[in-house]
Amino acid sequence: MSDARPDSRSAILARLRAAGSGGPLPDLDTAVLERRRWTPAERVRRLRQGMEAIHAEFLEARPDDWPAVIRAFCEREGLRTLLFGPTTEAGRRLAEAMAGSATTLRPYDAPVETFKAELFQSVDAGFTTTLGGVAETGGLLLAPGPREPRLLSLVPPLHLALLRASTIHDTLWSAIRALGWGQAAPQNALMISGPSKTADIEQTLAYGVHGPKRLVVALVDDLPGSPK
Amino acid sequence: MHGETDMNEGGPSGRFAPSASPLVHPHVVTERSPATTSDLSFRASAAKALGDVQLRANFRRAMDGLMAKRAAQFPDPGDLQELRDLGTAVRARSLLRLPELLEQLEASCSRNGIQVHWAETCDQANALILGLLQAKGATRLVKGKSMVSEEMHLNAFLESHGIESLESDLGEYIIQLDHETPSHIIMPAIHKNKGQIARQFSQKIKDAKYTEDVDELTALARKVLRQKFLEADAGLSGVNFAVAETGTLCLVENEGNGRMSTHVPPLHIAVMGLEKVVARLEDVAPLYALLTRSATGQPVSTYFNLISGPRAEGEKDGPREVHLVILDNGRSRIYGDPQLQATLRCIRCGACMNHCPVYTRVGGHAYEAVYPGPIGKILTPQMEGVGLRHDLIHGSSLCGACSEVCPVEIPIPDILVRLRREATHADAGSKVAGKGTGRTAAEDLAWRAWAAVLKRPGLYRFSVWFATRFRRFIPGGLPLLKAWTMSRTKPLPAPRSLQERLRSEGLPRV
């Protein structure tokens with residue numbers, strides 16, 4: 001299939017090569033990106049500021065109590081079902097903490113085809129971990145996969161994300177480098193900065209157009225020197 | 001549901017008039033046959049748009065807001081210039097290595113399980129996509145926003161083959177309901193106000209009541225479109241950047257419809273113009289920073305999605321197949337000219353239109369082109385023929401606002417001037433589509449007369465004497481003068497020529 005039209009491919013490449021556009025490659029001066037550096041505490045502040053400006057919400061937690069913080073949030077909001085990936089370490093801890101809760105934990109452990117309509121119609125929220133954050137603009141970095149499927153952070157109307165303060169990078173540029181995505185990009189990776197939004201009607205911002213209407217970040221303060 | 005066809009401003013017949021057969025797109029000119037005659041008139045449609053008070057108010061308000069928001073995102077002119085220089089260098093490097101990077105992209109994508117296809121023309125790309133859909137028996141396609149698919153008139157093509165091709169970006173959905181084309185590359189429904197959208201929704205969406213509340217209108221579209229995502233057999237998206245080294249397709253969006261279209265249905269087809277490739281993933285970071293800030297004045301979009309493959313072993317969702325269609329449609333010809341190649345640096349942010357005094361006044365539909373505004377004025381004529389779109393090349397004051405804000409420093413005014421020359425001169429070495437076909441008999445005659453007068457001193461002196469002595473009696477309706485006097489006062493020659501004045505001052509004859 002991929003070479004159904006080898007003639008088009010070679011004709012296009014031949015035309016491009018015939019252009020003979022040579023010359024030295026201009027240098028890439030990345031100083032403007034490298035300058036953007038902050039202390040860990042400042043990174044947390046910037047990330048929150050950037051994301052709160054576009055309606056992301058934050059729950060403050062410690063390394064030992066975040067599952068309880070999430071449970072309290074779910075019950076306070078009256079969420080009936082919370083979809084999650086059961087095989088991550090965080091997923092296991094959450095499952096322990098949610099035992100007996102009014103919010104039912106629903107594991108995303110089978111192909112989406114087996115419960116697509118249910119996913120779209122009756123799941124209240126999805127829980128995911130993150131690989132980190134981006135301080136400069138605000139944003140969460142995720143690499144969905146077998147353990148935490150792609151639609152977990154997209155289809156349920158509320159996305160609950162776990163972020164550890166120590167994993168916040170300065171910029172998207174430095175995050176891509178630090179995570180090694182440029183060498184081996186995950187099957188799917190993404191940055192999420194807030195709930196789904198649009199300004200297509202008269203430039204008026206409206207939230208929750210296709211994806212989650214709310215993005216709630218459980219921010220775990222695991223910076224050195226913070227109270228345990 | 002046709003991507004093209006009628007526009008509510010009712011442009012002149014021809015370009016967007018519904019054709020008898022949806023397969024015939026008279027305005028999509030393949031690179032082998034650049035059209036030579038023009039039935040399109042930016043001049044006429046711009047004049048009409050200028051008289052539409054509502055339209056002008058909608059655009060003025062939107063463009064003022066976008067300019068202010070962009071400016072607020074670039075508080076430090078030094079940083080901005082450094083970032084632009086970096087973005088420009090990234091794009092320039094990509095273009096310098098374009099054939100090599102495209103081959104690398106193909107190899108990386110194949111390694112990742114993304115199947116790559118090449119199309120020289122829009123017709124080829126449409127046929128390819130139809131084949132992919134038919135092979136899966138797909139009849140319901142949901143689309144994320146893609147300007148290349150607009151270029152291909154893909155919706156009309158697929159509908160004519162019995163496949164529902166539904167736009168899911170809210171703006172695109174709004175205009176598709178009215179059978180309109182986008183009036184802006186980032187905000188396709190920017191020409192409409194909420195009253196117009198409220199009426200449209202209440203008439204065209206089942207069980208919808210009339211409301212002008214933007215949240216309620218958005219919720220209405222959400223309800224309709226979520227069902228469509230759930231049921232879709234296939235999803236289609238554009239590509240903001242394609243990374244050669246990693247085989248990654250980058251998608252920038254706020255709504256989540258792009259993720260829905262690319263991750264929910266079992267089949268994902270991405271389409272891109274061949275210029276979209278960059279070498280490394282980290283190269284994308286400065287382009288992304290420039291794109292969202294320049295386009296809508298956002299430091300970051302809600303989603304920045306990196307797709308490097310279909311559903312992998314053990315994954316529970318995601319498409320089973322991902323295909324990438326790489327479209328040429330005249331781009332390789334543009335690439336062949338060292339100056340015009342800069343056109344291909346574009347990252348489609350739309351800042352040039354947001355800052356253009358012409359675009360702000362006439363709106364996007366007046367251009368009668370897929371790509372409106374300054375970038376459209378240089379891209380459309382190069383794709384469709386400089387003679388055919390002669391009026392676009394001249395519909396600019398060359399004020400330079402576009403190149404001043406362009407995040408990748410495309411010298412749009414310089415390219416416009418170059419294309420103006422190409423339209424009237426058929427230089428042997430030029431690769432420009434339709435070169436020389438914009439020459440008119442009147443213009444030709446005027447230049448000939450000019451040359452004849454300048455070559456004959458006696459005739460020249462007589463002409464000068466005549467023009468200065470009878471300066472008030474030259475009729476403004478003369479063929480060439482009329483083009484000037486239609487909207488300006490008639491220029492009045494001086495009472496004496498410079499030569500005469502110098503002589504009367506006692507200076508020697510020069």
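Every residue gets a Cβ built from N, Cα and C, even glycine.
Keep in mind that what you see is a predicted model, and the values were worked out from it rather than measured.
Given the ranges B:191-210, B:311-330, B:491-510, the record in TrEMBL names B:491-510 as region 'Disordered'. With helix defined as DSSP H, G or I and strand as E or B, the compositional bias 'Basic and acidic residues' (B:498-510) counts 7 helix, 0 strand, 6 coil.
Helix first, then strand, then coil: DSSP counts for the domain '4Fe-4S ferredoxin-type' (B:336-366) stand at 18 helix, 0 strand, 13 coil.
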